[in-house]
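The N6-(pyridoxal phosphate)lysine feature in TrEMBL is assigned to K35. According to TrEMBL, the feature active site, proton acceptor maps to K35, Y256. What TrEMBL lists as substrate binding site is R132, M304. Among the features that TrEMBL reports, domain 'Alanine racemase C-terminal' is placed at 235-359.
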Amino acid sequence: MIPRVTATVDLGCIQHNLQVVRGMAPRSRVMAAVKADAYGHGAVPVARALEAAGVDALAVACLEEAMELRQAHVVTPIALLEGVISGEEAAQAVYERLQIVVHDHWQLALLEALPDSAQLSLWFKLDSGMHRLGFPLADVPKLVEVLRRHPNWKLEGWMTHLACADEPENDFTPLQIARFDAALQGIPGPRSIANSAGIIAWPSARRDWVRPGLALYGCSPLPARSAADLDLRPAMALDSRLIAVREFAAGERVGYGGAYVCPERMPIGVVAVGYADGIHRAFANGTPMVVAGCRVPLAGRVSMDMITVDLRAVPQAAVGDPVRLWGPGLAAEEVAAYAGTLAYELFCGLTQRVHYRHLPGSQAASGLRSARGGY
Ligand SMILES: *Cc1c(COP(=O)(O)O)cnc(C)c1O
């Protein structure tokens, strides 16, 4: 059986991108974000590839995601970015030796209710201005006091998250960094500030730990820089095929609502992929895709199982020809803009109907673990 839609994930590219990130932040340990099924790339194979390449830790959103990795025998430290939401989850997280990110007093209460002997490993998340999760900076002395009461608890570090790191001109990032530093002045423990955009655009955000996600999958988080510019290799190619090629006269309308009008006699291709696969209906006329090595534009509305494409630039295109929706040669960042979104959402939006194929990376640990400084 030939799959209609295939996401080919090259794990070697993810390993390469990890080394690129290490090159940018050579004194930092790397906590790789593999939440949301590794941004739709397949959490278990991606985690294994990162582990083989010597990543220092992995980050997921919640306990279920961490359990999937533990059940696949991933042994690298795993942080729960949103922490735990019940006493039961807290106990299980401790049992699985997960690092728990604690962002609020109600979560702290769950941990304090555990037996005194619990070997807890935690991060404190501070709100330096994003105003999503995190303790107010003024709570730092209270948190230090909590640690004093629990000599069994291991503090992995202090983290914060940047709201505008992808805007290299935005003064808010240095302000967040300065507030974070001031609140923690003289207080021991590793620090972590930067996601992918922070790592690339803000050298002062590269602290003891960096937390890349998007960059590992080979996308640029900065509108003004291409992935190729940064030596990042797109790890995913999303491909389908033509299942019909037909000619229509000038003035004929294509698809639901007749949203595309043929400006002249022209070939229209039908590609076997739609919003039920993760190609958002928001994609506008003109969204690029690649047929026979040539960029051609979407023509008409995205439907559940199909899209239609203007094939005037490739008159030789025929049924069965492969169609690339994004990947090498067509950056997902660029495609995403046609739906008013980001590569993050395209990747995470792929559905169960997409067939995954993982190309193996290198199996051996590279020995390129980060210099363990800064403690
Ligand atoms: C997802 C996430 C990251 C990674 O972000 P990217 O923009 O994909 O690099 C880093 N830190 C936190 C807290 C996150 O939730």
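Backbone N, Cα and C define each Cβ position, glycine as well.
Whatever TrEMBL says is automated annotation, not expert-curated.
Projection of TrEMBL feature records onto the structure.
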residue : record                         : Cβ within 10 Å
K35     : N6-(pyridoxal phosphate)lysine : 20
R132    : substrate binding site         : 9
Y256    : active site, proton acceptor   : 12
M304    : substrate binding site         : 10
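Spatially, by CA atoms, the recorded positions K35, R132, M304 include one closest to Y256 (active site, proton acceptor), and that is M304. Mean model confidence of the domain 'Alanine racemase C-terminal' (235-359) amounts to 97 (pLDDT, 0 to 100 scale).
Look at R132 (substrate binding site): DSSP puts it in coil. Residue counts for the domain 'Alanine racemase C-terminal' (235-359) by DSSP state, with H, G and I taken as helix and E and B as strand, are 15 helix, 48 strand, 62 coil. Here the CA atom of M304 (substrate binding site) lies 27 Å from the CA atom of K35 (N6-(pyridoxal phosphate)lysine).
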